[in-house]
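What TrEMBL says about this protein:
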- 7-26: transmembrane segment (TRANSMEM)
- 46-65: transmembrane segment (TRANSMEM)
- 77-95: transmembrane segment (TRANSMEM)
- 101-125: transmembrane segment (TRANSMEM)
- 137-160: transmembrane segment (TRANSMEM)
- 172-190: transmembrane segment (TRANSMEM)
- 246-264: transmembrane segment (TRANSMEM)
- 284-306: transmembrane segment (TRANSMEM)
- 318-338: transmembrane segment (TRANSMEM)
- 350-371: transmembrane segment (TRANSMEM)
- 392-412: transmembrane segment (TRANSMEM)
- 418-439: transmembrane segment (TRANSMEM)
Amino acid sequence: MSPEGKRLLNIVVLGFGFMFMFTAFQTCGNIEQTVIKSFNNTEFHGSGYTSMAIIYGVFSASNLIAPSVVTVIGPQLSMFFSGLLYSGYIAMFIYPYTWSFYTASVLVGIGAAVLWTAQGNVLAINSTDNTIGRNSGIFWALLQFSLFFGNLYIYCAWHGHVHITDKDRQTVFISLTVISLVGCFLFFLIRKPDPEPVAPSEQSQSLLQAESSESFSTASSPDVGLCSQALDAFVRACKMFGTREMLLLSLSIAYTGLELTFYSGVYGTCIGAMTRFGQDAKSLIGISGICIGVGEILGGGVFGMLNKCSRFGRNPVVLLGLVTHYVAFYLIFLNIASDAPIAPEPGTDLQAYITPSVGVALLCSFLLGFGDSCFNTQLLSIIGFTFRDNSAPAFAVFKFIQSIMAALAFFYSNYLLLHWQLLILVLMGFLGCVTFFLAEWKAESRRRESDYDSI
């Protein structure tokens, strides 16, 4: 197999590994609060929302040490052991205890930071300037299939269920644990990429040639200790915050964290709270998740795997994502009652500015997913190109900013009415889009200078 073929295969295996893992984990996250309410064990006093707050809080803090872990043990083992922590969190629901629930939440937060830092590293070392956009899209599309399968499971399995028995819970979470473990072991199929021979004039087009030869080993040389490597990775991650490129991208990354919380948590809650949607409002949460997944997959495929917009740069894709989100936000503002995010368990009887429509609500779900994929595929692409020599620290900073903003959004979503949350998203989306344009122009200028120097 050619070096390029091996790299592409690595990206596909990476995507399938994440698809299996997050089919299990996202399904777990979507149903865990419902499952917790159905526990017959009166000694369990955990909360799914508290668990999510712990996960995101620990996730954001752990991104500072994640590059050190990836440097010491390599990205492959980093993803495997992190995946085991995800599987342990899911398996905890088979025989749940409060202490194990919150302990597993802390461990998943740590594992998530290492997992996503390693993922970014593998993506970068298996890509070149010409393939980073395609590979980002392939990975993103495969990952988002987890939204489709997971939410389809929710709709089919829990439709019409009022109470979940212990046997039902145990069967479901045993299955999800096995699915997650399959994803973990798929990471062992990823192989160290071979350096592709290139002409001297084309060497600038190869990403991370030196790093790829070291990333799958635990030490770069016998003379450098593991502690020195870990400390160096930590220092590089801290210094990454102050670079002009990361400062420009930080607002775009922050926006993806805010809208991640909105589409993955707040919007589903809004749909479930709309009693005017009828008795099946709760089951519509699963259908909404499927529509989000379809949008994510389509966006990842069109703008990543097909790589149609490479000749025009990344800016048109990000602009399309922002416009798509603005359309979704406007329709949500018209269709969903303002108190839906904070409505009590029975739901809200209030009406927004139009007669509530299930079709409009599901269209907005699709638009949210499509727009999110536009932003994320291009962020993965530009970070992989801009920070070619420091991919692990760069992706750690990316996840740090994204996760801390997601945690902030989970916090204020408990208190703010829908129209205030939409206003925050509109303003942050505009600022993030403008600063992304500046970062892209700078990256394109550097690419042209590199091409000129190679002549």
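Even glycines carry a Cβ here, placed using N, Cα and C.
It should be emphasised that the depicted structure is a prediction, and the values quoted were computed from it without experimental measurement.
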Below 8 angstroms Cβ to Cβ, which residues of this chain, lying six or more residues outside the transmembrane segment (392-412), approach it? 49, 52-53, 56-57, 59-60, 63-64, 66-67, 70-71, 75, 112-113, 116-121, 124, 215, 233, 236-237, 239-241, 246, 249-250, 253-258, 260-262, 265-266, 379, 383, 386, 421, 424
How about long-range neighbours of the transmembrane segment (172-190): same chain, 6 or more residues beyond its ends, C-beta under 8 Å? 10, 13-14, 16-25, 27-28, 31, 76, 79-80, 83-84, 86-87, 90-91, 93-94, 122, 157
Does the transmembrane segment (318-338) make contact with the transmembrane segment (101-125) through 3 or more Cβ pairs under 8 Å, each pair 6 or more apart in sequence? no
Let me check one thing: do the transmembrane segment (246-264) and the transmembrane segment (77-95) come into contact, meaning three or more Cβ pairs under 8 Å with sequence separation of at least 6? no
At a Cβ cut-off of 8 Å, and with pairs 6 or more apart in sequence only, do we get at least 3 pairs between the transmembrane segment (7-26) and the transmembrane segment (77-95), yes or no? yes
